[in-house]
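The structure appears right after this line, and notes come after that.
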Amino acid sequence: MFDYHRLSVLDLQPLVHLDPKKLTPMRIKIDRLESSNDKLVKDWKRCKKEVGEKMLDFSLLKIFMAVMLLYTCIVVTGEVYLWIKISRPLMQAALVAEILIFLFPIVYLILRRRQVKAAIKAKNENIEHEGDISRVTFDSEREDDEQYMMFYKRQLKEFNSVKLKEVKILEEEIRLLRKRNFLWETTGMAMCVLSFLFHVIHLVVIAVHTGKEEDILEVRRNAPMLFPMSLLWIVIIINHRSHGYFL
């Protein structure tokens, strides 16, 4: 077994096998604590980075939701045109106004996401550094000092206990972020699919009632779009369910 804490960046020396006689019960316990220490630091780094990733995903979902709202407004405008006979230029002007209204927040959210992405990238670099300096250091020159070894063992236990609590808190935060992302993504798709479904049903009712060829063609143009949209909605739900993101 090797004592990795004895390695120095400035003074690299060949690794030497520890004398089995030195593997005292104290040394064995400390080795186990050191191993747990390394694992907890890795888990802490992973969770910290995943929190940043979920926040970045959420900034993308805000853009997605804005686009879904724009699409829903366009469908509703089409419905208004079917219910109330208004001139086509007026309807086109309303659609242009809606696009312009939503364009500004969408552009803002895109620019904001770039800022968030840059901040998270810088934060991830700090996480690597912070995780490394937070480790419990070992003074190899005092290895034969029993009191020091007891003190070092106690430090490792305290560090592992604190780090374990931090990891559990981060894991719970990740679970909540996943749940929030799931709700935003599925709500946006549900709003889009249901509004379009209502629109298609209305077109079908009009075509059946009038029997006009142009109304039937309108149904044929719009109805096929409903299947891929519904399929995408179902795939999103299944994907989140398979990962347990909304449990």
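Heads up, the Cβ atoms here are built off N, Cα and C, so glycines get one too.
Noted in TrEMBL for the protein shown:
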- 63-84: transmembrane segment (TRANSMEM)
- 90-111: transmembrane segment (TRANSMEM)
- 182-205: transmembrane segment (TRANSMEM)
- 225-242: transmembrane segment (TRANSMEM)
Between the stretches 63-84, 90-111, 225-242, which one has more Cβ pairs under 8 Å with the transmembrane segment (182-205) than any other? 63-84
Same-chain Cβ contacts of the transmembrane segment (90-111) under 8 Å, 6 or more residues past its ends? 59, 62-63, 66-67, 69-70, 73-74, 77, 80-81
Same chain, outside the transmembrane segment (225-242) by at least 6, Cβ under 8 Å from its Cβ: which residues? 178, 182, 185-186, 189-190, 192-193, 196-197, 200
